[in-house]
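Only one structure is covered here, and it is reproduced in the block below.
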Amino acid sequence: MDYNKIMNSAVGIGALVGLYLGLNSFLNLFNRWALGIYGFKFPLIVTCAHLFFGFVALAPYQLLGKNKDIHQAALRETWPGIVMVGLFMAVNIALNNASLVGMVLSLNQVIRASIPCFTAVFAIGIEGRIPTRMQTAGLIPISLGVMVAVWEGSHTSSSTSGIILCCIATVSNALMMTISGRVMSSKIDSMRLTFYTAPVSVMALLPFALYRESSAFEEYYATNATPTILLLVGGSIAALAYNVVHNQMIAVMSATATTVLGNVKIVILIFASSVMFGETNDWGYKLVGGTALTLGGFFLYSYAGLRDKLEQMRASELKAEDGNYRV
């Protein structure tokens, strides 16, 4: 069966969207519980374990059979982009995990709803693409809502350091998504991108993980070996699946369309974290208002991006039909 045809069919895209939302929600809830509630406060080691596991798990498939001869040419052409994606991925995942030690997941997701603001700015500089009027109209409430949420969130149970780490991770995520889309346009699929970027991310993070967390981790592991292994292995499997699906989402539906699904994911996570962890109990009306403003802007921006994408696809179809008619 043709893999590309399956992924671009309605059934394939529907399955991909379901996997993306499910894995993203599970991984965020799992990391919040493990790092912030259960007390497994080793975000750098967790990130390194997830990425290293992904590299090892993909190695047999990537280094054997028909794939073994394609890596040299692919890396020669795209290595600068792969290095940048790996570095921004390291910063994004590590700092976002670290932020969950000291902040609630619901506020974390509101801040990360500002990703379209940064992707729009980076798209201007990297791709020369200017946001439309409707997209700009959506970016304004996103920016204002996140500023209100961050200010009010600093007065809740979330720590200021956690909020700052989340903001830096959000910028890194936007850069990673923008560059990933360009790298995969060079005929590198999601599996290979995950395989190539994992060693870059691990090498960037490992010195910091060893310096900051190794001593405390050794003490913790000595008395909690079994739960530690279960947490690392379980989280690593989920992280590998999510990274592959996330890259495939960008390849099939573009970085812009992927942010559209962030609307659904953010609502799911805010609701789930409220029910499971009681995280919104101390939210005041200003923080609720900032969240509503952010989500409203996010929906408007996403709608504008999706509408533009559909118009481009329709224009391409009409052009192709006109060409066939002339022939």
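The backbone N, Cα and C atoms fix where each Cβ goes, glycine too.
Check TrEMBL against the ranges 107-128, 283-304 and you find transmembrane segment recorded for 283-304. Long-range neighbours of the transmembrane segment (193-212) within the same chain, counting only residues 6 or more positions beyond its ends whose Cβ lies under 8 Å from a Cβ of the stretch, are 42, 44-45, 47-48, 51-52, 54-55, 58-59, 62, 74-75, 82-83, 85-87, 89-90, 93-94, 180, 183-184, 240, 243-244, 247. Across 81-105, 224-245, 283-304, the stretch most heavily in contact with the transmembrane segment (42-61), judged by Cβ pairs under 8 Å, is 224-245. Proximity of distant same-chain residues to the transmembrane segment (81-105), defined by a Cβ-Cβ separation under 8 Å and at least 6 residues beyond the stretch ends, is recorded for 28-29, 31-32, 35-36, 41, 43-44, 46-47, 50-51, 75, 112, 153, 156-159, 161-163, 165-166, 168-169, 172-173, 175-176, 179-180, 182-183, 186, 193, 196-202, 204-205, 208, 269, 273, 277, 279-280.
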